[in-house]
Amino acid sequence: MAGVMQVSLAAFLLLPMAPAMHSDCIFKKEQAMCLEKIQRANELMGFNDSSPGCPGMWDNITCWKPAHVGEMVLVSCPELFRIFNPDQDMGVVSRNCTEDGWSEPFPHYFDACGFDEYESETGDQDYYYLSVKALYTVGYSTSLVTLTTAMVILCRFRKLHCTRNFIHMNLFVSFMLRAISVFIKDWILYAEQDSNHCFVSTVECKAVMVFFHYCVVSNYFWLFIEGLYLFTLLVETFFPERRYFYWYTIIGWGTPTVCVTVWATLRLYFDDTGCWDMNDSTALWWVIKGPVVGSIMVNFVLFIGIIVILVQKLQSPDMGGNESSIYLRLARSTLLLIPLFGIHYTVFAFSPENVSKRERLVFELGLGSFQGFVVAVLYCFLNGEVQAEIKRKWRSWKVNRYFAVDFKHRHPSLASSGVNGGTQLSILSKSSSQIRMSGLPADNLAT
């Protein structure tokens with residue numbers, strides 16, 4: 001169970017509050033508490049290894065205190081079973097202390113606590129969480145490669161440097177950081193195929209969690225910046241883009257810094273337990289979750305406002321086209337905006353944490369890991385401006401290469417000298433431009 005429940009910790013990648021503790025960690029904690037109780041009971045009762053009776057024990061499910069021969073011990077079903085079977089009445093299990101030791105539990109855990117249902121459910125969950133982990137690993141890997149390529153393209157071509165693309169580039173970086181932080185977190189916290197992560201409490205793992213939260217919150221805020229910029233672009237005719245971009249940068253990277261710093265400080269002083277990957281305090285968790293949910297909701301309002309503006313513009317007489325073409329354009333614009341604004345996050349933004357956990361995992365963690373890939377494809381690779389610039393550079397490279405090879409074959413003496421192809425091409429272009437300029441007066445006179 002421990003090896004696969006490691007995968008269930010991937011559920012923590014969802015920004016809504018993670019459960020207080022996972023099942024394998026609950027068992028580990030209960031075992032540690034049981035051993036302490038047994039030690040205290042032995043001291044109070046004067047039990048030792050040679051004493052008659054039944055020593056206290058942990059049977060991998062619940063704790064049994066030391067008992068004298070002939071004594072019956074009653075224990076309630078573990079609280080964990082109540083979590084997995086909330087509708088089932090939890091019973092009581094008993095053991096008799098005999099001269100031969102502890103008797104078998106009665107009634108059995110299967111009957112009293114629904115242990116067989118728990119076992120089957122965890123078996124299904126093991127396969128499910130492994131599938132989700134494989135899905136988000138492929139998704140984040142694909143997004144990281146695609147976003148890196150898109151960043152190289154936008155940085156390489158100077159004609160693509162504008163406020164709109166700068167905002168896209170910051171969004172791409174936030175997606176890349178989010179993917180990297182996910183891989184680092186899995187590597188640092190859950191690399192071991194056991195439950196040691198339950199008791200990890202080092203500065204290293206806490207720093208990883210702080211970095212992870214910062215990357216996730218920054219990603220949400222740059223999605224918000226994309227929506228805010230587009231809405232401002234449609235509403236205001238003239239506005240200073242460069243000055244706005246300065247404030248966009250502060251909001252996109254500065255606000256998450258403040259939120260995560262406040263959360264880390266409060267966590268350090270009031271809830272410094274474990275590796276900070278569990279959230280026992282709901283109030284502290286809302287320091288991070290509150291701004292994120294707020295940005296999602298504001299982005300949704302901006303999304304509705306932009307759709308209204310698009311409807312008005314598409315229905316204006318100047319646009320032309322029939323009704324079907326108008327709705328087609330509107331549908332295409334809407335579909336393009338959904339991944340850019342992160343509208344799909346509103347589906348589970350306010351739903352309770354224990355509702356539709358499996359659907360939430362697949363929707364936000366599995367499919368959400370491909371959001372960076374979709375955004376890079378839509379706003380870089382399928383962008384007409386980017387495609388035109390790449391084609392122009394490709395044609396220029398082919399022409400330069402053709403003239404360089406042709407010049408080398410026609411003038412081997414120059415090619416063998418220290419003059420390179422770029423210098424030869426510049427000489428040719430200058431001479432050809434001079435010839436065209438000298439020919440202009442004659443042409444003008446002729447006309």
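The backbone N, Cα and C atoms fix where each Cβ goes, glycine too.
Look at TrEMBL and you will find 1-23 tagged as signal peptide.
Residues or ranges marked as domain 'G-protein coupled receptors family 2 profile 1' in TrEMBL: 33-117. In the predicted model, the domain 'G-protein coupled receptors family 2 profile 1' (33-117) shows an average pLDDT of 78.
The domain 'G-protein coupled receptors family 2 profile 2' annotation in TrEMBL covers 132-383.
For 134-157 (among others), the entry in TrEMBL reads transmembrane segment.
Among the features that TrEMBL reports, transmembrane segment is placed at 169-190 (among others). The list of residues near the transmembrane segment (169-190) in space but at least 6 beyond its ends in sequence, with Cβ under 8 angstroms from a Cβ of it, reads 6-7, 9-10, 13, 136, 140-141, 143-144, 147-148, 150-151, 154-155, 197, 200, 204-205, 208-209, 211-212, 214-216, 218-219, 221-223, 225-226, 248-249, 252-253, 275, 277, 369, 371-372, 375-376, 380.
Marked as transmembrane segment by TrEMBL: 210-233 (among others).
Residues or ranges marked as transmembrane segment in TrEMBL: 245-266 (among others). Sequence-distant contacts of the transmembrane segment (245-266) (same chain, six or more residues past either end, CB-CB distance under 8 Å): 163, 166-167, 170, 174, 206, 210, 213-214, 217-218, 221-222, 224-225, 228-229, 276, 284, 287-288, 291.
Here TrEMBL flags 286-310 (among others) as transmembrane segment. Beyond the transmembrane segment (286-310), the same-chain residues lying 6 or more positions past its ends with a Cβ under 8 Å from any Cβ of the stretch are 15-17, 213, 216-217, 220-221, 223-224, 227-228, 230-231, 234-235, 255-256, 259-260, 262-263, 266, 330, 333-334, 337-338, 341-343, 345-346, 349-350.
Look at TrEMBL and you will find 330-350 (among others) tagged as transmembrane segment.
According to TrEMBL, the transmembrane segment annotation covers 362-382 (among others).
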Surrounding residues of the transmembrane segment (134-157) on its own chain - C-beta under 8 Å, 6+ positions past either end:
10, 13, 165, 168-169, 172-173, 175-176, 178-180, 182-183, 362, 365-373, 375-377, 380-381, 386, 389-390, 393
For the transmembrane segment (362-382), could you work out the same-chain residues 6 or more beyond its ends whose Cβ comes under 8 Å from its Cβ atoms?
10-11, 13-14, 132, 135-140, 142-144, 146-147, 149-150, 153-154, 168, 171-172, 175-176, 178-179, 182, 336, 339-340, 342, 344-345, 347-348
